[in-house]
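As structure tokens, the structure follows; a few thoughts come after it.
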Amino acid sequence: MEYSTFGKHIIVDLWGVDFSLLDDMYFLEHHLVHAADLSGAHVLNVSTKEFDPHGVTVLVLLSESHLSIHTYPEKNFAAIDCYTCGTTVEPQIAIDYIVSILKPNEMHIKKLIRGIGEIVNTD
């Protein structure tokens, strides 16, 4: 079987997110896995890490690549990264779901197309 190198990569910075949501590893793990499912991705594994005194990293390893979040609750900030290879998964669905759950006051997003030569910014 031949695979395409084409991929969609979305990176998002969220500001003004509630501290308690960003410091809850189980809440974030549940919602990132659900977001991946909604996007059509296939979850292979989930890795989580709580930091002292605050902060969480959740990495969802996908058959199609990955979805991750790194949080800084004391700054009400989260960094989200979703990269999917091929054309069968829509990472924007995962991002939209996570944003709807976290309800940031401010959001900055970059969308990239990868694997076609030069990285293309779609904004």
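In case you wondered, yes, glycine gets a Cβ from its N, Cα and C as well.
Worth saying up front: this structure is predicted, and the values here are computed from it rather than measured.
Under the heading active site, schiff-base intermediate with substrate, Swiss-Prot lists Ser65, citing sequence analysis as support. Within 10 Å of the C-beta atom of Ser65 (active site, schiff-base intermediate with substrate) sit 20 other C-beta atoms, taking all shown protein chains into account.
The pyruvic acid (Ser) annotation in Swiss-Prot covers Ser65 and rests on sequence analysis.
Among the features that Swiss-Prot reports, active site, proton acceptor is placed at His70. Sequence-distant neighbours of His70 (active site, proton acceptor): residues of the same chain at least 6 apart with a C-beta under 8 Å from its C-beta are Gly55, Val56, Thr57, Ala78, Ala79.
Annotation comment: Swiss-Prot describes Cys85 as active site, proton donor, evidence class sequence analysis. Secondary structure at Cys85 (active site, proton donor), as computed by DSSP, is strand. All protein chains considered, the CB of Cys85 (active site, proton donor) has 20 other CB atoms within 10 Å.
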Distance, Cys85 (active site, proton donor) to Ser65 (active site, schiff-base intermediate with substrate) (CA atoms, angstrom) | 6
